[in-house]
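Annotation comment: TrEMBL describes 109-230 as coiled coil. What TrEMBL records for 54-96 is domain 'Stomatal closure-related actin-binding protein actin-binding'. Annotated domain 'Stomatal closure-related actin-binding protein coiled-coil' per TrEMBL: 100-267, in sequence order. Residues annotated as domain 'Stomatal closure-related actin-binding protein Ig' in TrEMBL: 281-376. TrEMBL lists 379-486 with the feature domain 'Stomatal closure-related actin-binding protein PH'.
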Amino acid sequence: MTRMTRDFGDSMQKEAIHLVSTDVNFVLGRFPDYQIGANNIIIEPEENPQVPSLKEIVAKETAQLLEQQKRLSVRDLADKFEKGLSAAAKLSDESKWREVASLDRHVLLKKLRDALDQLRGRVAGRNKDDAEEAISMVEALAVQLTQREGELLHEKSEVKKLATFLKQAIEDAKKVIEEERAIARAEIESARAAVQRVEEALQEQERMSRSAEKQELEELKKEIQEARRIKMLHQPSRVMDMEHEVQALRIQIADKSMHCIQLKKELAIMKKLEENRSNLYELEGSESLGSCLRIVPRIDPAPDISNCSIRWYRTEGSKKELISGATKTVYAPEPFDVGRFLQAEIVLNDERFTVTTTSPIDPAAGLESYVEALARRPETEFNVVVTQMNCRDYSSQSIHVFHVGKMRIKLCKGRSTKAKESYSASMQLCGVRGGGNAAAQSIFWQAKKGLSFIIAFESERERNAAIMLARRFAFDCNVMLAGPDDRAPTGTS
C-alpha cells in the first residue's frame, strides 16, 4: 500500500466513484443482489418466485395428515408417518445447507465491508459519503442476516421436534398394526374353526338324513310289496285271470300235441311192422333226448345178438353218419342227435338187420331255457362221479365237481384238481356210447391226448345241459367240441 503513487490513487478513485455512483442504485433496507458480466456490465438476476417458509410447509403437511387421519387405515397412516419423517429429514438437510450458505454470506459481507473501508480511506467528498452509506447498508444487511439466522435456528428446533413427534407416531402406529394383526389372526382362526364345526355338523346331518331316507324308502317298499300281495290275494285282477286261462290253454295244447305225437309214432310203428314183418328186432324206449334206446327181439325165440356186430348211425334225409364207439345194444341219444333219425345195423350170421326210429329224436322239455340261464354265468358246477379214467375203472366213487366255464373245463375233487384244460381241437366231449344202464347220465370227456374220463351226472337233464353248455362255450372260442370222429353240423349247440 505504501508504494502506491498519487496518480494510481486518483485513477482508482475515479473508477470507484464511477462504478458506485453510476451503476449501483441502493435501496434502503436491501442490499443489491447482482452479477458482473463481461466488460464490467452488471447483470440483474431474474425474479425468483417466492418460496414458502419451512413453517408453512410443515403446517400444510400437518393439516393434510390431520384431515386424512379419519379415512386412512393403520397401515396407510404408518406409510404417511414414514413419508413425513423422510420429509423432516430432508428439511433438516436443507437447514444445514442454509447454515453453510449463511456462513458464506457472513464471510462475503465482512470482505465487502473491509473493501469499503479501504475505499473510504482513499476517496474524499461525495464519494466518501457514498462509501459510508454503503458501509452502513452492509452493516444493516449483516444485522438482517443475523436475524434470519436466528429464525433458521428456531425453525431447525421446530423441525427436530416434529421429527421426534413423527418417530414416536411411527412407533405407535407399528404397535397398533401388530396388535391389529394379532387380533385379525385370532379372528381368522376363530372363523375357520367355526366354519369347520359348521361343515362337520352339516355332513353329520346329511349322513343322518340319508340313512333316515334310505330306511324310510325300504319301509315304504316293504309296505308296497305287502299291499300288492294282499291285493293279489283278495282282489285278483282281470290280467291275472287271463294269464291263468292262457296258462291252462297252453297246458292243454301241450298235452294234445304230445298225444298227437304219440299217436303218430304208434301209427308209424304199426305201418312199419306191416311193411317189414320179416324184421326180427325193434327199438325200445322213448325217442327223445334223455332216454335210452335198446334193441329188443320182436318175436320169441329170436337169436341172441349180444355178441353180434352192431353199429349205430345218424340219418338225415339221404345223409348217413356213423356214431363212432356206439357198438352195443343200448344207446343214449345226445344233443347232436336231436332232429335226426337213429338207425342200428345188426350183422348176424351173414344176415343184416336194420332198425330205425320212427321219428327224429325230440328235444327234452325245458332244456334249452335251462341252458340259456346257465350260459349267463361265467362258470357252472355239476356234482359228478368218475367211473373210468384212461379206459380203466376208477376205484373211488367219491363226489367230484365238474366245472364248465366260458374259457375252460375243470374237474376237481375237494381242493385237488384232476384236470383243467382250455377249449382246443384236441378236446372231445360227447355222451357215453358204450352202453350200460347209466349211459343216459354219463359223458365221455377227453381233456387232452392221453387223458380221458367217463363221468356220471346226477340226472339226464344235467348231463345233456353240460354237453350243450360246453359245446356252446367252445363254439364261442372257435372250437367244435364233439365226440371221436364226429363232425358237428353248422349251428349246433
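Placed from the backbone N, Cα and C atoms, the Cβ positions cover glycine too.
Caution: TrEMBL annotation is automatic and unverified by curators.
Under DSSP, residues within the domain 'Stomatal closure-related actin-binding protein PH' (379-486) fall into helix, strand and coil as 20 helix, 51 strand, 37 coil. Per-residue pLDDT, averaged across the domain 'Stomatal closure-related actin-binding protein actin-binding' (54-96), gives 66.
Across the domain 'Stomatal closure-related actin-binding protein Ig' (281-376), DSSP assigns 12 helix, 41 strand, 43 coil.
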